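One structure is given here, and the rest of the page talks about it.
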Amino acid sequence: MSEAHIYPVKENIKAHTHADNDTYLAMYQQSVTDPEGFWSEHGKIVDWIKPFTKVKQTSFDTGHVDIRWFEDGTLNVSANCIDRHLAERGDDVAIIWEGDNPADDKTLTYNELYTEVCRFSNALKEQGVRKGDVVCLYMPMVPEAAVAMLACTRIGAVHTIVFGGFSPEALAGRIIDSDAKVVITADEGVRGGRAVPLKKNVDEALTNPEVKTISKVVVFKRTGGNIDWHEHRDVWWHEATAKVSDVCPPEEMKAEDPLFILYTSGSTGKPKGVLHTTGGYLVYATMTFKYVFDYQPGETFWCTADVGWITGHTYLVYGPLANGAKTILFEGVPNYPNTSRMSEVVDKHQVNILYTAPTAIRALMAKGNEAIEGTDRSSLRIMGSVGEPINPEAWEWYYKTIGNEKSPIVDTWWQTETGGILITPLPGATALKPGSATRPFFGVQPALVDNMGNVIEDQAAEGNLVILDSWPGQMRTVYGDHERFEQTYFSTFKGMYFTGDGARRDEDGYYWITGRVDDVLNVSGHRMGTAEIESALVAHPKIAEAAIVGIPHDIKGQAIYAYVTLNAGEYPTAELHKEVKDWVRKEIGPIATPDVLHWTDALPKTRSGKIMRRILRKIATGDTSNLGDTSTLADPSVVDKLIAEKAELV
């Protein structure tokens, strides 16, 4: 790939930052040489009921994986996100809700949020929810979703959120695995102008004979649409909260008490419930939010993620509110009712920090200047990217077009399992290279290992990305299956947390995530990350999106199969076919030239925007008899279209 352009730290950011480069280097050094001392000091970023005296008790040893932080301290998450701000900023806005329809919006101040959360906490208690019980949320993006999360944390219940786009089968599987006692949902959700039948899906999920633990379903009225009602089970949110007190003292929780379970979609098999606990998670969420986004008091923060994903948990709800920020909760999608919706929301609410995903950026980029029509986005100070590696071309477009070349981009790498951001630039400290997640956050010790598990000491290197020691936000276990936790994350490379990603490190020590290790191709003995070839393809001016998979090849071992979506107004031709192959040859080298170009209008994506490569691999190899679970796809019809197109390829 061509050498990346370097963007130095902006002077205006450096002048008011929490950490310039010297501060970052000093803090990072302390965090890895003296983690006890570092986290003993920075653990105080949250309020403790009983202060901790133990800081870090962690082991990655085979058969003894055990992760505990701040173990003897006690605290309450909702008190940290709400109560501690009331004296100073009770009348400040906590949550701005922007509806799917641009005419719908409302705000909640910290005082109002306190009242709502206390009321709903008491309502949950009335429905029989006790400390330690699991509550399942299957909610639209309305303020009540955040209220329900915070109410669970207030009374010591464990929430498990299932994204509102998941099917009844997927919902039932998560309810069964988590032993949830109550479901909180809405009559319907609204997204992109369409109603989502949430209550209907819950009703269907609860007909599964293996669902045995649910006693109540609390229903928030979002649309007033027609729904079935089960008299002894279903309860309206507004009725449940009308007759209870608006005072609810926060439950004193131990640092290692479970806070939430969040299921990651394993491509096959039983859902994997990632368990996060109270103290370490909140410290890490609060700390990363403050430093990564260089948050300054009074700023407005917009994370476009759904609360059903880890990004929504950590950087829409807990991180911003623990810091006393204004956080935007957006019900819609970035391109509805028009392509410039995201930019319009930025202007309307004077957003200072925008955190979104490469898939949204690329979708807008394909529409060119339509994405910013009639807006100036002058309020933006910091922009972020999350969810997958961002290719340099999309990075540059985001920086120049959305950000007017004045907002640094924090390209953040992390996972559901990590609780918070692990590798990232800091706005006032890090010179930026488009496409690189740059350097580790405080306390995070990344390393590259070869396939035998040997740490690669060279500065410039490529290998499997591992983390050598624990950090406070790390998941503690797979719910109900600690053996699976050890097996999945600690057995491949002994004594290390294996991320499942490959990465390269450049001569400046910057990390470049190359994609999942199972997305590594081996062509004639050459290892190549699919992300690198995809980046080269997307850099072509006519290409909107690309996905690469490997298919078996008699001579090369693997051949390169490229799915390519063109920009609006472009059409596949024989000339373009040759041009694209020549382009990749020029960008990376002959070894990376795609063997097959499969033109298509759309790629199969989950509702969080991730491309389902597992399905693409099967279609490319002609193995379409068992495509596995397609219930998490945003548009399942894409699959049949791809299979038909594949049949027509010579």
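Every residue gets a Cβ built from N, Cα and C, even glycine.
Per Swiss-Prot, CoA binding site is recorded for Arg191, Gly192, Gly193, Arg194, Thr311, Asn335, Ser524, Arg585, and the stated evidence type is sequence analysis. What Swiss-Prot lists as ATP binding site is Gly387, Glu388, Pro389, Asp411, Thr412, Trp413, Trp414, Gln415, Thr416, Asp501, Arg516, Arg527, and the listing cites sequence analysis. The Mg(2+) binding site annotation in Swiss-Prot covers Val538, His540, Ile543 and rests on sequence analysis. Feature annotation from Swiss-Prot assigns N6-acetyllysine to Lys610.
Mapped onto this structure are the features recorded in Swiss-Prot.
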residue: Arg191; record: CoA binding site; DSSP (3 states): strand
residue: Thr311; record: CoA binding site; DSSP (3 states): helix
residue: Gly387; record: ATP binding site; DSSP (3 states): coil
residue: Arg516; record: ATP binding site; DSSP (3 states): strand
residue: Ser524; record: CoA binding site; DSSP (3 states): coil
residue: Val538; record: Mg(2+) binding site; DSSP (3 states): helix
residue: Lys610; record: N6-acetyllysine; DSSP (3 states): coil
Max pairwise CA distance, angstrom, over record-listed CoA binders Arg191, Gly192, Gly193, Arg194, Thr311, Asn335, Ser524, Arg585: 49
Integer Cα-Cα distance in angstrom, Arg191 (CoA binding site) to Thr412 (ATP binding site): 26
Site with most surrounding Cβ atoms, counting all protein chains shown within 10 Å, from the binding-site residues Gly192, Gly193, Gly387, Pro389: Pro389
Inter-residue Cα distance where the pair is Gly192 (CoA binding site) and Thr416 (ATP binding site), in Å: 26
Spatially closest candidate among Asn335, His540, Ile543, Arg585, Lys610, the listed recorded positions, to Trp414 (ATP binding site) (Cα to Cα): Lys610
Using Cα positions only, nearest of the recorded positions to Ser524 (CoA binding site) (Pro389, Arg516, His540, Ile543, Lys610): Arg516
Under 8 Å by Cβ from Thr311 (CoA binding site), counting only residues of that chain that are 6 or more apart: Cys303, Ala305, Tyr355, Val386, Gly387
Shortest C-alpha distance to Arg516 (ATP binding site) - which of the binding-site residues Gly192, Arg194, Asn335, Val538: Val538
Output field, Mg(2+) shell: CB within 8 Å of site CB centroid, site Val538, His540, Ile543 dropped: Glu393, Ala536, Leu537, Ala539, Pro541, Lys542, Ala544, Glu545, Ala546, Val564, Val580, Trp583
Nonlocal residues around Arg585 (CoA binding site), in sequence order (Cβ under 8 Å, 6 or more apart): Ala592, Thr593
Least Cβ-crowded entry, counting other Cβ within 10 Å, from the binding-site residues listed as Asn335, Thr412, Thr416, Ser524: Ser524
Least surrounded among the binding-site residues, given as Arg194, Arg516, His540, when other CB atoms within 10 Å are counted: Arg194
